[in-house]
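Engineer: Got these off TrEMBL a minute ago, pasting:
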- Asp160: active site, charge relay system (ACT_SITE)
- His206: active site, charge relay system (ACT_SITE)
- Ser364: active site, charge relay system (ACT_SITE)
- 151-398: domain 'Peptidase S8/S53' (DOMAIN)
Amino acid sequence: MHCHRPKAGRARLRAPTPFTTVSEAARRGALDPALATQLDAGVAVEALAILDDAGRVPSLGVGTPRQITGTRTAIADLRRPIAHRSQVQVLQTYQLVPLVHVRIASPAAAVALLNTPEVRSIAADEVRVSTTASSLPRISQPPVLARSLMGQGVGVAVLDTGVDFTQPDFGACVAAGQAATPADVCRVSAALDTAPDDGALDAHGHGSNVAGIVSAVAPGARILALDVFDGLPAHDHDVIEALDWVLRNRAKHNIRAVNMSFGSDSHHLGSCDSSFWGRHPYTNALIGMRSAGIVPVASSGNSARDGSGNFVDGIGDPACVAFAVGGTDDSDALRPGSQDGPQLGVLAPGTGITAGGRTMGGTSQAAPHVAGAVAVLASLRPQSTPQELQDFVRTSGTQITDPRSGRTHPRLDLMTAVRAAHVVPNDNRAAARAITAWGTQLEQPTWTASKEPGEPAHAGNAGGASVWFKWTVPRAGSATLSTFGSSYDTLLATYREGPGGQLTALAANDDAPGQKTSQLAFGVVAGDVVWIAVDGKVGPAATPFPAAGRLRMTLNLANDNLADAVTLTPGTTAFGANVGATREAGEPHHCGDTFASASVWHRWTASADTVVSVAVTDETFALCVAAYQSAASAPGPSALSLVRAASNEQGDTPAFTFQASAQKTYWIAVEGASFETACHPVTGQCFFASQTGAFKLLLTTNP
């Protein structure tokens with residue numbers, strides 16, 4: 001392709017003098033030289049008129065309806081004069097990209113069009129060709145997948161030969177965006193042709209392979225399949241129509257990456273733009289994409305050797321205006337045909353990749369690894385800019401030197417990239433998160449946590465994604481700790497710090513009964529320094545990577561006895577658990593359950609006459625909540641009189657209201673419901689236990 005266009009960022013200035021001939025326009029870089037030759041030979045040409053949008057078209061931003069309307073209106077105003085030019089036929093317009101696909105009948109018509117103030121330059125409507133799993137472990141995708149990082153909710157537009165969404169790699173699709181049953185998943189959310197419809201989902205298979213790679217790297221992402229190929233060639237005007245569609249639908253599908261595994265047989269050592277007039281036809285669209293938060297990913301090209309087998313430096317087109325991806329082979333070296341250049345962004349596997357029902361190789365297959373990685377990163381860090389996402393992708397400990405050019409480029413390592421995107425502050429014990437209050441619940445993501453050298457196997461499992469907490473115990477008692485409500489399979493371990501900082505194992509748990517999360521109870525004394533580690537469990541041999549996700553941890557110091565009741569603050573949620581709790585002598589039978597035996601206590605003193613509401617939420621077990629009062633200032637359990645009580649055993653909400661009196665103290669018990677464990681076959685005597693778990697308790701007042 002003939003590229004005479006400026007580097008990004010050049011000032012946009014109109015020509016000081018009008019153009020008089022097409023040869024002059026070509027010499028000054030405003031007209032593609034091949035078009036000038038054809039026009040001078042009397043041949044009408046199809047071309048792309050690039051509009052001068054400087055200061056005239058507002059930024060599209062993230063593509064809100066208001067932004068789309070403003071940009072669409074400005075571009076429509078900008079292209080209006082073209083429709084009135086003699087011997088210039090408008091073939092296609094774009095709503096959000098400042099270009100017009102035109103047919104120009106004569107040299108005079110081309111000169112007149114270039115002298116129109118709204119027109120910046122005229123580019124050729126080029127023809128593009130496609131640049132045609134064991135790759136996943138090489139880019140460290142399996143441990144990322146084990147941590148539930150799958151690009152959930154992010155859209156990736158694949159501009160290619162279409163996608164055969166009936167392939168199993170895309171789920172169970174009966175149509176784009178429609179799964180076979182409500183229980184099934186269809187990963188292709190939209191499919192359309194911007195090139196002439198060939199009547200096939202994918203007539204070549206290249207697009208299905210490319211989209212399948214995206215889906216393998218980011219199985220939670222949505223694929224937008226845009227068929228831009230008319231047979232095997234793709235025309236620029238059809239590609240630009242697809243890019244325009246992406247901009248219009250960015251918000252609807254949360255599109256954060258576009259994959260373009262095609263190009264032209266060209267070699268660029270810098271931007272495809274080489275002068276003010278010679279702007280690449282994709283530049284305006286990709287500027288809009290980056291401002292909308294989209295990373296344009298393109299294969300660097302497979303034409304690194306000339307006809308004699310000699311290396312030719314430079315990457316292809318449109319990689320030269322996008323985030324360019326080169327391909328590596330099975331030995332982690334550059335593929336012989338993979339094009340290189342100073343602006344190459346990153347490398348990824350590109351040899352023998354099986355996906356979407358096909359096995360193919362080339363930089364075409366390298367690019368979608370990166371597009372999928374962008375989806376994973378954008379899901380993890382939605383606020384990241386395209387430049388930040390590209391920087392995360394380029395963060396890798398694996399650097400590969402191209403012996404042909406002497407340049408060194410990073411090879412995609414997804415685990416390293418996600419750790420760069422999301423830093424876990426308490427990943428190491430030295431940076432443990434301090435717990436300043438008990439009766440509290442802590443939440444944090446652990447997706448990118450790791451494990452320190454020499455760190456114990458918490459709860460007897462190798463783990464590998466631990467986070468640390470440190471708690472200085474305020475008083476003696478029994479502490480309860482749980483990870484109920486966490487999104488992954490946890491390991492929970494506690495350690496007591498001794499002289500010299502040495503740790504002694506205190507208590508540990510893998511799974512609570514019937515749970516994938518953990519709970520434990522352990523005794524503490526005032527002044528104890530307790531270290532808490534929460535790790536992700538390593539699965540079976542088939543998936544030897546630690547789990548990770550969103551951690552929810554609840555810590556309580558025993559309020560088992562009435563004398564240790566936790567003071568409630570109106571309007572503030574108290575996080576509780578009755579794990580390890582017992583029943584005091586003389587304690588009432590809450591909700592009439594004579595066999596229950598695992599209660600915890602809270603207290604509150606009214607400052608004025610008021611109506612009080614008490615509610616238990618997010619409970620993990622059947623329970624009773626009951627409020628009591630007493631004439632004594634420090635009563636024993638037998639001196640309490642019931643005010644109100646409620647249970648959730650019949651599916652009811654454990655909540656109630658009552659009238660409180662000023663300066664009066666109320667005691668609130670939460671107790672697990674009893675259940676039968678066994679009955680003696682001879683005597684018929686039955687044995688009972690109480691349900692235990694975690695809960696939230698909220699007291700509010702309404703004067």
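Glycine too: its Cβ is placed from the backbone N, Cα and C atoms.
Not measured: the values here are computed from a predicted model.
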Engineer: May I ask you to report the DSSP-based helix, strand or coil state of Asp160 (active site, charge relay system)?
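Structural biologist: The three-state answer is strand.
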Engineer: C-alpha of Asp160 (active site, charge relay system) to C-alpha of Ser364 (active site, charge relay system): distance in Å?
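Structural biologist: One finds 10 Å between the Cα atoms of these residues.
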Engineer: Give me the CA-CA distance between His206 (active site, charge relay system) and Ser364 (active site, charge relay system), in Å, as a whole number.
Structural biologist: 9
Engineer: Across the domain 'Peptidase S8/S53' (151-398), what is the average pLDDT of the model, as a whole number?
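Structural biologist: Mean pLDDT, the domain 'Peptidase S8/S53' (151-398): 92.
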Engineer: What count of other C-beta atoms do you get within 10 angstroms of the C-beta of Asp160 (active site, charge relay system), across all chains shown?
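Structural biologist: Taking every protein chain into account, the count is 29.
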Engineer: With every protein chain in view, what's the tally of Cβ atoms within 10 Å of the Cβ of His206 (active site, charge relay system), excluding that atom itself?
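Structural biologist: So the number of other Cβ atoms within 10 Å of His206 (active site, charge relay system) is 26.
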Engineer: Let me know how many other Cβ atoms fall within 10 Å of the Cβ of Ser364 (active site, charge relay system).
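Structural biologist: The Cβ of Ser364 (active site, charge relay system) has 30 Cβ neighbours within 10 Å.
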